[in-house]
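Listed in Swiss-Prot:
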type	residues	note
SIGNAL	1-21	signal peptide
TOPO_DOM	22-496	topological domain 'Extracellular'
REGION	113-137	region 'Fusion peptide'
DISULFID	Cys334-Cys343	disulfide bond
DISULFID	Cys358-Cys366	disulfide bond
DISULFID	Cys390-Cys395	disulfide bond
DISULFID	Cys397-Cys420	disulfide bond
TRANSMEM	497-517	transmembrane segment
TOPO_DOM	518-555	topological domain 'Cytoplasmic'
Amino acid sequence: MQKSEILFLIYSSLLLSSSLCQIPVDKLSNVGVIINEGKLLKIAGSYESRYIVLSLVPSIDLEDGCGTTQIIQYKNLLNRLLIPLKDALDLQESLITITNDTTVTNDNPQSRFFGAVIGTIALGVATAAQITAGIALAEAREARKDIALIKDSIIKTHNSVELIQRGIGEQIIALKTLQDFVNNEIRPAIGELRCETTALKLGIKLTQHYSELATAFSSNLGTIGEKSLTLQALSSLYSANITEILSTIKKDKSDIYDIIYTEQVKGTVIDVDLEKYMVTLLVKIPILSEIPGVLIYRASSISYNIEGEEWHVAIPNYIINKASSLGGADVTNCIESRLAYICPRDPTQLIPDNQQKCILGDVSKCPVTKVINNLVPKFAFINGGVVANCIASTCTCGTNRIPVNQDRSRGVTFLTYTNCGLIGINGIELYANKRGRDTTWGNQIIKVGPAVSIRPVDISLNLASATNFLEESKIELMKAKAIISAVGGWHNTESTQIIIIIIVCILIIIICGILYYLYRVRRLLVMINSTHNSPVNTYTLESRMRNPYIGNNSN
């Protein structure tokens, strides 16, 4: 191992250790929170291009037509492999049109395909795949002149590998398949062996090569899309090493390792020549930029028991540590290597303040949810051992399967090779790593943090009912609005106002007439009452005539 590699490993270890000191891993494990070792963050924002021209048929001048039949049969095999690929490329080029803006200066014209306008003829809107294909097509057209030159050079030379440098700094590597075999074995054998033997030997080698070609390059030669380029395809078939191609780029060795480990060397077929039996691959090598002082941790949690109840800490799946600040990380579009996460952009996400305090060791701030089913994990691996909730689970130790009794004051139990050996969790048995250590953190009291709900609630039916109700209410409101609008329009006209005034006047006259009539009736009643109550002089009328019978009797 070289000195630079040793220094890099030491630097990485120190960086990881210094960052882990900020997150109390042992303390968090007591509430079931498991924090794995952090990894670096690298951004893959752009890429460099390389072109590989594969010459599938070797240059060989066979005397007396020796081996011609085998070459023809081999070409027929290649036709069945390459013709569909050629047809797909022609279809792609017919659907995608590229307009290159060219600026003319005192020097040579400069083509700007970073400003290319990509459109589609048959399809109205360009999709992401079409845009990618259009960019690859534009780059292929830019390199077509150089590729044509090296094709001619391949035909004239007997070398198995050719390399040219483009004016813009890109390299085109020409790999001539089977050429070394032809140079070293077939040509010398022509003068020593009979034609049939030489042709048979050549045919066997060509068939073997075709089989290896179809196997190793099946992902690239089976589609016009972008696929990972394997190391075996280049090293075994074409006598080249991908690390040599990568070494031409000024990259750190750790970046090269991450690129190879994550299979980020992408190859796309951009040209198929059925006359010369040559295939051109556009190889993209990402450019990585490490973000200094940033680490990403994978986090998980198991249930823990406290105060006789089972709880589960809600924590992000990934945590990012930037200097003195913590946050979540969305690594959905990232690729994980052994030492780093390679992301197309910064994956940082904001997390609540209580989660930050929880990750920094204040377990009383950890948001928790009460466990009501068995879907929450009950154990996890940590430091070569196992951390488990042995109150909610059945834990055993050793080959005798001795039950583990967890102290009620402790949230979880740590089982290692030293104190347990053979570990059993709910019937699952496993052996701990001999180098594992017991992770303990004092005897401090663990407090339950704020309770939150992380269970997904299905409210689709309620939402549907509410939506229907709102739609019906909207219809009724529109009807009411129409009625109000109709009612509100008639009283604003001038004729209606005049009619209202006349009606009011008539009503006033009628009311006045009624009042006058009532007044007269009342006055008449008053006069009648006064007449009956006044005194009357009574006179008695006596007859002046005497009764004749009375006078006679007196006499």
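Backbone N, Cα and C define each Cβ position, glycine as well.
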Cys343 (disulfide bond): secondary structure state under DSSP, collapsed to three categories: strand
Disulfide-bonded residues: Cys343, Cys366, Cys390, Cys395, Cys397 - member with fewest neighbouring CB atoms within 10 Å: Cys397
In three-state DSSP terms, the structure that Cys358 (disulfide bond) belongs to: helix
Candidate with sparsest Cβ neighbourhood (10 Å radius) among Cys334, Cys358, the listed disulfide-bonded residues: Cys334
Spatial neighbours of Cys420 (disulfide bond) that are distant in sequence (at least 6 apart) but have CB under 8 A: Gly385, Cys397, Gly398, Val404, Ala432
Rounded mean pLDDT for the residues that make up the topological domain 'Cytoplasmic' (518-555): 61
When distances run from the Cα of Cys358 (disulfide bond) to each of the disulfide-bonded residues Cys334, Cys343, Cys390, Cys395, the nearest one: Cys390
Pairwise CA distance, Cys366 (disulfide bond) versus Cys390 (disulfide bond), rounded so that it is a whole Å: 21
